[in-house]
Amino acid sequence: MAAPIKVVVTGAAGQIAYSLLYQIASGAVFGPEQPVYLHLLDIAPMMGVLEGVVMELADCALPLLAGVLPTANPEEAFKDVVAAFLVGAMPRREGMERKDLLAANVRIFKEQGQALDKVARKDVKVLVVGNPANTNALICSKYAPSIPKENFTAMTRLDQNRAQSQLAAKVGVPVKDVKRVIIWGNHSSTQFPDASNAVATIGGAEKSVAQVINDDEYMKGTFVTTVQKRGAAVIAARKMSSALSAAKAASDHMRDWFLGTGDRWVSMGVVSDGSYGAPPDVVFSFPVTVSNGQWKIVQGLTISDFARQMLDATGKELVEEKQEALDVCKD
Ligand code: NAX
């Protein structure tokens, strides 16, 4: 069996981590042959709760779990990790807008960027889940200049999974049979869930989802708004934000980044190079493929006038968020 790898989860006493830790420690992310040593970071007042999580992990008797380090010290938490799940942040509550969260959370990611820069491996792969995820990932990267910016990503996989599931239900096929759904832009209500390239396997043949559904109003209207507002719908129903599905999406994202996608497209927030007219130097969600641990933006897709408007709107929001975040960091 391989030597254990060190993996950090921040916000380890929180609700997403409660589902995520089991997935990592049971082999769902790094594979069934890869032991993991878990570093669990949370804030000092949560150390008692975190102790309970550590007890439960022990009680799971997981063969791949080589050890656990609970800590409130970012430098201890980030030391020598190959993968970082940055989940810890203040969650959005019912009726709260993302902008309210930005100031509070951006400071956390500035500090964590600085700590990563100091003690993490230079090849660490960082996934930011804590909101506003795209802008937090950008700030984290900016404060960790010794780590390549390609190593900082933000999670839009939950949005992709939500979109895929909506289309599968609409077309009437299992979710695994829907492919090439794209989330563009920000993980926020301006995100653009784009089904124009999506295909579904129906009766053994791949068909265009747009042609099968044949309802432009659904594709540009109901589908888009349902995915954009799904997080708010879960909060309204559960009185808490998405956790089980968020943890699953984080696992999917990191697994695909480490183990590759083949020719499957997945959506990831990555530092924009200006592809598809997106603003450069913001963390923008694109369709990517991954091989040998490196993601690559899928190129050559046609952008309709409708898509152009949607991409521009979400890009504009990211540029504004970036400016707000940089102003907060100056204080
Ligand atoms: P919880 O409030 O249950 O847990 C957050 C944990 O983070 C708490 O234990 C808290 O003490 C800890 N924390 C706060 N500051 C910290 C710091 N400086 N260092 C380490 N830990 C710290 O929230 P949860 O439901 O787990 O959500 C976590 C984050 O994920 C939130 O920001 C939430 O908005 C975000 N989400 C992002 C999603 C995405 O698709 N990108 C979807 C789900 C979720 O809404």
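Keep in mind that glycine also has a Cβ here, set from the backbone N, Cα and C atoms.
Predicted automatically and left uncurated, TrEMBL annotations should be read as such.
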Which of N105, N151 belongs with D42, V129, G130, N131 in the NAD(+) site listed by TrEMBL: N105
Distance [Cα-Cα, Å, rounded] between R162 (substrate binding site) and H187 (active site, proton acceptor): 12
Fewest other C-beta atoms within 10 angstroms, as judged across R162, H187, which are the recorded positions: R162
Where H187 (active site, proton acceptor) falls in three-state DSSP terms: coil
Listed binding-site residues adjacent to ligand 1, that is, members of D42, N131, R162 whose C-beta is under 6 A away: D42, N131
